[in-house]
Amino acid sequence: MRILVTGGAGFIGSALVRYLVSINAEVLNVDKLTYAGNLASLKPVEGLRNYRFLRADICDRVAINEAFETFQPDYVIHLAAESHVDRSITGADDFVQTNVNGTFTMLETARQYWSNLSQNRKAFFKMLHVSTDEVYGSLGDRGQFEEVSPYDPSSPYSASKAASDHFATAWQRTYGLPVVISNCSNNYGPFHFPEKLIPLMILNALDRKPLPVYGTGSNIRDWLYVDDHARALWLIVREGRPGEKYNVGGRNELRNIDVVNRICLLLDELSPNASHYGDLITFVKDRPGHDARYAIDATKLETELGWKAQENFDTGIRKTVEWYLENGWWWQPLRDKVYSGERLGLLEKA
């Protein structure tokens with residue numbers, strides 16, 4: 001089984017690659033290695049016979065075509081994307097280039113590759129386009145996003161992902177390319193680049209820096225442990241029906257302030273300090289266009305394909321905090337040289 005994974009040096013991608021290699025799939029990881037791509041996240045699979053790495057930009061059609069022709073994948077799982085909302089506010093160009101144009105390149109290259117396969121291999125081939133619940137916009141106090149929910153993106157990031165979803169759907173409907181789409185809720189877990197909420201709070205707390213909470217901290221997100229997501233992606237690309245969408249969520253809805261408080265309480269327990277970590281919480285100016293609530297209904301994935309999350313938020317966040325406490329070798333170079341925790345996405349100074 002040969003699987004081409006794009007963005008496999010990123011957070012979700014590296015979790016998927018580690019999982020696929022562990023079940024003896026043959027994996028080609030194609031990654032540009034932007035600031036958020038980190039080969040250190042793949043040390044557990046480095047040098048193994050069933051893992052290969054290709055540094056390439058998904059917008060480079062020549063490189064991507066060569067990857068398809070040389071590796072001859074049975075499945076493609078497309079995760080490569082710019083994903084941080086704050087960065088999209090002040091740097092939308094990169095998001096359009098990678099998330100829209102890059103997805104177009106992947107779809108068109110996959111279509112040409114698939115059309116030239118033998119009938120048996122053609123019937124077996126499938127591509128999974130991995131997306132986000134943010135394409136649906138903001139929910140009120142009730143309800144959950146379903147696969148049929150209308151698209152209503154609020155940020156340049158979510159707009160770029162919505163566009164890429166529409167391209168994937170169009171390539172399936174127009175050309176018959178066997179594409180499946182997944183839309184996930186907020187992921188968390190080990191090897192998470194420290195610009196995102198949970199790793200940023202953990203590492204700022206350990207450095208005794210302020211813990212910046214946007215607005216009042218009342219925005220609600222559904223949290224999905226990254227290894228549960230990796231298992232879901234493998235299941236969807238194998239068993240999902242072309243032309244269908246599958247929402248992937250953890251059924252863990254929490255306000256941002258409650259997430260930060262849980263992290264602080266865990267750090268008080270696992271790495272006690274003279275003062276409580278919660279004293280570092282600081283409320284800051286809200287993000288422009290900050291969606292109030294996301295909630296995923298994963299019933300379709302659970303009932304049709306039999307997926308079930310193994311971690312709830314209590315078990316997953318404990319594993320995550322423990323991992324960061326034990327793995328400074330991974331995150332300290334990032335804090336020192338790549339991103340030290342400064343505020344991103346401000347249109348004007350706070």
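One is the number of the first residue shown, and numbering goes on along the chain from there.
Cβ atoms are placed via backbone N, Cα and C, with glycine included.
Going by Swiss-Prot, these are the annotated features:
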BINDING   G7, G8, A9, G10, F11, I12, G13  NAD(+) binding site
BINDING   T132  substrate binding site
ACT_SITE  D133  active site, proton donor
ACT_SITE  E134  active site, proton acceptor
ACT_SITE  Y157  active site, proton acceptor
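Annotated features, which come from Swiss-Prot, shown on the structure.
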{"residue": "G7", "record": "NAD(+) binding site", "DSSP (3 states)": "coil"}
{"residue": "I12", "record": "NAD(+) binding site", "DSSP (3 states)": "helix"}
{"residue": "T132", "record": "substrate binding site", "DSSP (3 states)": "strand"}
{"residue": "Y157", "record": "active site, proton acceptor", "DSSP (3 states)": "helix"}
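On the backbone, the CA of T132 (substrate binding site) and the CA of Y157 (active site, proton acceptor) stand 10 Å apart. Cβ crowding, taken as the number of other Cβ atoms within 10 Å, peaks at A9 among the binding-site residues A9, I12. Across the structure, F11 (NAD(+) binding site) and Y157 (active site, proton acceptor) place their CA atoms 17 angstrom apart. G13 (NAD(+) binding site) sits 18 Å from E134 (active site, proton acceptor), taking the Cα positions as reference. Here the C-alpha separation of D133 (active site, proton donor) and Y157 (active site, proton acceptor) works out to 12 Å. When the recorded positions G7, G8, A9, G10, I12, Y157 are screened for a C-alpha within 10 angstroms of the C-alpha of E134 (active site, proton acceptor), the residues that qualify, in sequence order, are Y157. Within 8 Å of the centroid defined by the CB atoms of G7, G8, A9, G10, F11, I12, G13, the record's NAD(+) site, lie the Cβ atoms of V5, S14, A15, L16, V17, D31, G37, S41, L79, A80, excluding the listed residues themselves. In this structure the alpha carbons, written CA, of G10 (NAD(+) binding site) and Y157 (active site, proton acceptor) are 16 Å apart. In sequence order, G13, V30, D31, G37, H78, L79, A80, A81 are the residues of the chain that are 6 or more apart from G7 (NAD(+) binding site) and have a CB within less than 8 Å of its CB. For G8 (NAD(+) binding site) paired with Y157 (active site, proton acceptor), the C-alpha to C-alpha distance reads 19 Å.
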